[in-house]
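**Student:** Pasting the relevant annotations from Swiss-Prot:
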type: BINDING; residues: Gly17, Pro18, Met19, Phe20, Ala21, Gly22, Lys23, Thr24; note: ATP binding site
type: ACT_SITE; residues: Glu92; note: active site, proton acceptor
type: BINDING; residues: Phe121, Leu166, Ile167, Leu168, Ala169, Gly170; note: substrate binding site
type: BINDING; residues: Cys146, Cys149, Cys179, Cys182; note: Zn(2+) binding site
Amino acid sequence: MNIIRKLKPGTISLVLGPMFAGKTTFLIHCIYMLEHLEKKVVFIKSTKNTRDKTIKTHSGIQLRPKHCKIIESTQLSDVGSLTDIHAVVIDEAHFFDDLIKCRTWADEEKIIILAGLNASFEQKMFPPIVRIFPYCSWVKYIGRTCMKCNRHNACFNVRKNADKTLILAGGSELYVTCCNNCLKNTFIKQLQPIKY
């Protein structure tokens, strides 16, 4: 996989998928490749993600960059000047209501790489992802196997409890990723009502 050829200055790339699919692992890989090319990279993480204060995947892989600057923020507009940065990498992009700010950075000839969930626990796309999608020059979908049946491709994020808060950060203690068959035969019955 030579992703670097697709990552051009002035472009926005988007990686989507369900939870536990490897989106953050993919971002870490991109950061290491960009650093190898001596690009100055900033990694932006939402303060809404309260799971972990480090840059770590659900599987335990941790980001140990050489020169990457790591910023935690609630809004992208609070990040400040990125004049000396070549690439902006954003994890959990769906957490940023002002994700459209990435267009400004792309206009400044920065490489923008975003990763976010394909849908909420209600199986609806997050508004920030919907707004930025038309400006993405490259989109990658990363899937995973259903955590319930282990047979089919999973694309649905299902919350294990009845909390209806849209943004509720957590891992496998709060969420399961499942296929369509398990969603309709198991989880919809348990978690009524999921509206399409």
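Cβ atoms here come from the backbone N, Cα and C positions, even for glycine.
Can you tell me where each of these features sits in the structure?
**Tutor:** According to DSSP, Gly17 (ATP binding site) is assigned to a strand segment.
Within 10 Å of the Cβ of Glu92 (active site, proton acceptor) there are 20 other Cβ atoms, across all protein chains.
Annotation note: Ile167 (substrate binding site) sits in a coil segment as assigned by DSSP. Within the same chain, residues at least six positions away from Ile167 (substrate binding site) with a Cβ under 8 Å of its Cβ are Lys48, Phe95.
For Cys179 (Zn(2+) binding site), the same-chain residues that are 6 or more apart in sequence and have a Cβ closer than 8 Å to its Cβ are Cys146, Lys148, Cys149, Arg151, His152, Asn153, Ala154, Cys155, Phe156.
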**Student:** Identify, among the binding-site residues Gly17, Pro18, Gly22, the residue whose Cβ has the fewest other Cβ atoms within 10 Å in this structure.
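**Tutor:** Counting other Cβ atoms within 10 Å of each of the binding-site residues Gly17, Pro18, Gly22, the minimum falls on Gly22.
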**Student:** Compute the mean position of the Cβ atoms of Cys146, Cys149, Cys179, Cys182, which form the recorded Zn(2+) site, and then list in sequence order the other residues of that chain whose Cβ is within 8 Å of it.
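**Tutor:** Apart from Cys146, Cys149, Cys179, Cys182, the close residues are Thr145, Met147, Lys148, Asn150, Arg151, His152, Ala154, Cys178, Asn180, Asn181, Leu183.
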**Student:** Tell me the Cα distance separating Ala169 (substrate binding site) from Ala21 (ATP binding site), rounded to the nearest angstrom.
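**Tutor:** Their Cα atoms are separated by 16 Å.
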